[in-house]
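Pulled from TrEMBL:
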DOMAIN    199-261  domain 'Transient receptor ion channel'
TRANSMEM  350-374  transmembrane segment
TRANSMEM  390-409  transmembrane segment
TRANSMEM  468-491  transmembrane segment
TRANSMEM  512-534  transmembrane segment
TRANSMEM  554-579  transmembrane segment
TRANSMEM  638-659  transmembrane segment
REGION    862-885  region 'Disordered'
Amino acid sequence: MRPVKHKIGRQWTFIAQSALPSGNNAVKWKIPTTGREENRSSSDVDAMLKQKERLFLEAAYKGDKATVETLLDPKDPVDINCTDLLGRTALEISVDNENVEIVELLLKQPGVKVCNALLYAIREGVFKMVEMIINHHTITADTLGDGWSRRLVVENDENFEYASDISPIILAAHLNQFEILQLLLSRGAVIKRPHSLSCSCRNCYEDRLNDSLQHSLRRINTYRALASPAWISFTSSDPVLTAFKLSWELQKLSYQECEFKELYWELSEQCKKFACDLLSQCRSSEEVIAVLNKDVSDDPIDIWSSKLSLARLRLALKYEIKQFVAHPHCQQLLTSIWYEGFPGRRQSGLIMNAFVCLMLILAWPLLSLSYIILPKSRLGQVVRAPFMKFLYYSTSFGFFLFFLTFATFESYRHVKGDSLDSRAAERGPPLSIIETLIVTWVIGMTWSEVKQLWDEGYKKYIHQWWNWLDFIMLSLYLATFALRTVAYYMVRNGNFGPETLVRTYWKSDEPVLVSESLFAVANVFSFARIIYLFQMNPYLGPLQISLGCMLIDIAKFFFLFFLILSSFAIGLVQLYWYYSPLARMCEQTDHVCLESISTFTSMADSYITLIWSLFSITNTKSTDVGERHEITQWTGRALYIAYHVTSIIVLLNMLIAMMSHSFQRINDHADLEWKFHRTQLWMGFFDEGSTLTAPFNIIITPKSGLNFLRKSYCVFKWSLGKSEWPKAKRRPTIKRPRYLQRMREVEEANEMPEPKLTYETIMQRLVSRYIHQTKKKSQMEGINEDELLEIKQDISSLRYELREERRKELARTSSNFDGIKREILRTLSSADRVYQPRTAQERGRNGIERANTNLPLRVAVPENDSAENPTTDETRTRHQLRLGRSPDRRAVEELKTSIAENVCKHMEAKMQEWLVAAFKTLETKNDQEKKQPAPSV
């Protein structure tokens, strides 16, 4: 997986490696320099980059291996660590251009610095190059990890692109280089987890004291590596759990180090996305169950064959990893569990579903009584289904609201007046039938909340806002009935005066009046509780979630509004403290009495007046006074107008904007938010317990009695020291879907059942699929500008290689031609000296015969050459030489020229074949780099 480099980086590379500037041009271009060039002036640039070093760097950039080898001659070697204007050595340039041959050559040279080159190789993502560099004798396991910064300090080798705390393994984790990261881990490289933000150890204290910014940046870089999917995949046996915990830790750090909040939040979202990607790799329901059902223990096998705990899903709800909870694989499993026992409900029509629900509601008392008597029967199992629990909970609460509504319109409430015979005149009336039913429901709902508090624990219980609403509502109802009970017994005992009294003469602290006030407020909370059930509906659910977010905005607004309200209230009270509302002042001149109507003479009146003025319920003469104190009136009017401008025009519009923003934020992710909150509602009905709803849950069942006796016996044994107190661990109580149970039964019925899959095996599968999918996605992204530049560098390097090979081939060909020439001439001259014929004809014939006997093997006769019927001059000359005849000198010269031309044509054909083979080799090499095998997990 090759990272994409920024365009500006490539532009700088081109500037630095093209015709290198010197003198004033270097200052004109303003090329950045590293610490190595801080004190260098523009006047000695030419002295710094000598001609030989410039040729060396240009050859490394262009891929001219022959020139690099020449300049590295041991007799007069060039400085191998010389740098260009960007502070890069030849090794770093070659790594950046992915020239493996030159990198291999430079690594063999003594004294070469390889630290920064290793970072460049990891950035380029070339596995072979990284392996070559880490095999260098100067690289150790400590250098690849924590000892990297110390190594840079010792070598005084500062990097312009990366900070000193970016070690090779951290960089590989940042870039998600799976193969390279696995290689570095195999060499012993590690990443130490940062200390907590509040750590006061010596190292943390010194780091914060020396440079707090560097300390924070080092922490961020380390967490960016720890949050890398590649690092989590290779170093964690439970990647999902690691991603959850790290995401939660990063969220807390985002609030502690608010300066880097966006960075920490981005890393937290990256961990959440990785967990969701692993869940996306599941290909069966069993794999999904293995992921969602794993708890924090080390038990690798799912020992609950028929029950589920969904511990990992509960953890996701606790850490608010909404993407994971709302994932389609997770929601599909939860839906199958929710509608267990009703397989065709989702496929049935609306009318059919409504009819079935109506029948089940009518059968509610019968099914509840059957569960009380026989909880393990078939009817009892129907009541324990999650959907049936929700249906009967809604039914029970609906009846409770009906009783509240009916109590509001009781017949005695229509009798008003001073009659002592009406129920309204009783100071301690007994409970009516409707009120008795309401009390029964309240007791049942209170018992249900007590059981929920016991099962979940108070920490989890108080973190749910709906539980706070239930607590307030039930507390008000219990206080109401307690006051009614107190009033009833006090009146009956005769300690509270007469039993009946006209309400006009009742005191304000009458228990009945207080109870009615509490009852009215409790009714408001009860009807508001219906909103909780809206989470099941895909249309009303997002609205209910938006309403909750708006309430948070209103709470923030009230804090700011209270400050503004208090400032104006105190100012107005300070201004109008003297002018009492009941004071009447008479002018002596015209005998007219004026009344002061100011309402800002006390803090309470001031607060009330300013609050009602928000709703346009105000009096324009509130700032007037009876005296002729115009300065006081105009100051009060100015303050009143300023309050209206600040509160109504500014603050109220700000509140509207905040609420609109919250609604839009929820609306943009409506499906995600709704599924997350719906899952929270579902999980409350998945567990075993709280099957019966009010008022049937107040009946003591045989099952509850047996459980109570069993737990009492365990407590008794523990008190005697014969057993240990059991650890708090959630017991799996959720039934698997029936189709999965049937699959398990079929597998167990086989003669040779397959071995049970462990959680570790499933995690290895998911991680392997994730790595393959990630690499495939990176290959499908297409060619970018960086890869085009790399292809250009490969072509440039190939051009120099071909030029060198062609030069060598031409030298070999010229040497062969010279050898052929010398051999022919030597043969001819030796033949003339041996025979020395007397006549010219004999001299020519004998010379040719002698020459024919010493002709080299390269002079070959064509296969289609006929000795009997020669057709061409060349063939005739060869035939005469073969028969010992003497051709003329001109024919022999033509034969030599023809032989030389044939050899040249042969060499040209061989050169073309070599070029074609070289290009095919280059294409094969590029394909192999793109198709590198994925590492093993």
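Even glycines carry a Cβ here, placed using N, Cα and C.
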Stretch contact, the transmembrane segment (512-534) with the transmembrane segment (390-409), Cβ-Cβ under 8 Å, 3+ pairs: yes
Ranked first among 390-409, 468-491, 554-579 for CB pairs under 8 angstroms with the transmembrane segment (350-374): 390-409
Summary of DSSP states over the domain 'Transient receptor ion channel' (199-261), given as helix, strand and coil counts: 53 helix, 0 strand, 10 coil
Feature contact check the transmembrane segment (468-491) with the transmembrane segment (554-579), CB under 8 Å, 3 or more pairs: no
Other parts of the chain folded back onto the transmembrane segment (638-659), taken as Cβ under 8 Å at six or more residues beyond its ends: 550, 553-554, 556-557, 560-561, 564-565, 568, 571-572, 575, 610, 613-614, 622-623
